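As written in TrEMBL, here are the features:
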ACT_SITE  10  active site
ACT_SITE  141  active site
BINDING   99, 100, 101, 102, 103, 104, 105, 106, 107, 108, 109  ATP binding site
DOMAIN    71-149  domain 'GHMP kinase N-terminal'
DOMAIN    222-278  domain 'GHMP kinase C-terminal'
């Protein structure tokens, strides 16, 4: 018996970052959107925990993904088993299309998928509230990977509230060969900005999502407090953003803490055209995605 669960990548269409707290964490207000780039996680019962990673596509490098108990999917499985007090173990296969360390929460998607898959495999019927609590303990982005769609995130991003989104938004994703450390980005942010500003989500942005009119109506609200810090550390990311605008993107945005860049387009055809022009300029690792899409969900059982 096996269960396969599909979980989406996330983007932050808004990311406001406050001043670092005494514990070192930064309070956040963010608007998440799940997009049509997925990882699939397949679980089977086993005598010992194991994880195997298979990568799909040239934009995914899985060489740095651990294959031991430090992998987030094994931690997720152990957390679920401990929550229910069951002595069960599983073999876990992760088929990755979401880039590693790309600011799109691929590891969080895998953790969420593992929770859903093992809950189904073991017939645990875990309450949604308990799954979300387990998810939050694993990482700030894991609860949203369960919920999907479009949602606000507060606290460290782990307090997720779905919002009405009646649009279909098309994005060009520009991947990067070189990773970017999240702690280094926050360190640069503290140095450059410090967080002394109003970082709260504008209600007008939520109105634009609810109206779902066109890319122009949403583009004016796209914002990421970490973008200047990422550009400071990696000027090549700013050049990628400039190239996307020159190719016709409505607006560009850093995805999370980077290094992946996003460009919002007016529709599917426009997005494909922009991606093609970027390829012609040497940005050959791109993808066209849309959102919002569903969170972690079962796609195969048996």
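Numbering starts at 1 and runs along the chain as displayed.
Every residue, even glycine, has its Cβ placed from backbone N, Cα and C.
Just so you know, TrEMBL annotations never went through curation; they're auto-generated.
Taking all protein chains in view, 28 other C-beta atoms sit within 10 angstroms of the C-beta of residue 105 (ATP binding site). The two recorded residues, residue 99 (ATP binding site) and residue 141 (active site), have Cα atoms 15 Å apart. Annotated ATP site 99, 100, 101, 102, 103, 104, 105, 106, 107, 108, 109; additional same-chain residues within 8 Å of its Cβ mean position, judged by their own Cβ, are 9, 98.
Taking a C-beta cut-off of under 8 angstroms and a sequence separation of 6 or more, residue 107 (ATP binding site) has the following same-chain neighbours: 72, 100, 139. The DSSP secondary structure for residue 109 (ATP binding site) is helix.
DSSP labels the residues of the domain 'GHMP kinase C-terminal' (222-278) in these numbers: 30 helix, 11 strand, 16 coil. Secondary structure at residue 10 (active site), as computed by DSSP, is strand. In this structure, the binding-site residues 101, 109 were compared by how many other Cβ atoms lie within 10 Å of their Cβ, and the smallest count belongs to 101. Take the CB of residue 141 (active site) and look out to 10 A: across all protein chains shown you find 27 other CB atoms. Averaged across the domain 'GHMP kinase C-terminal' (222-278), pLDDT for the predicted model comes to 97.
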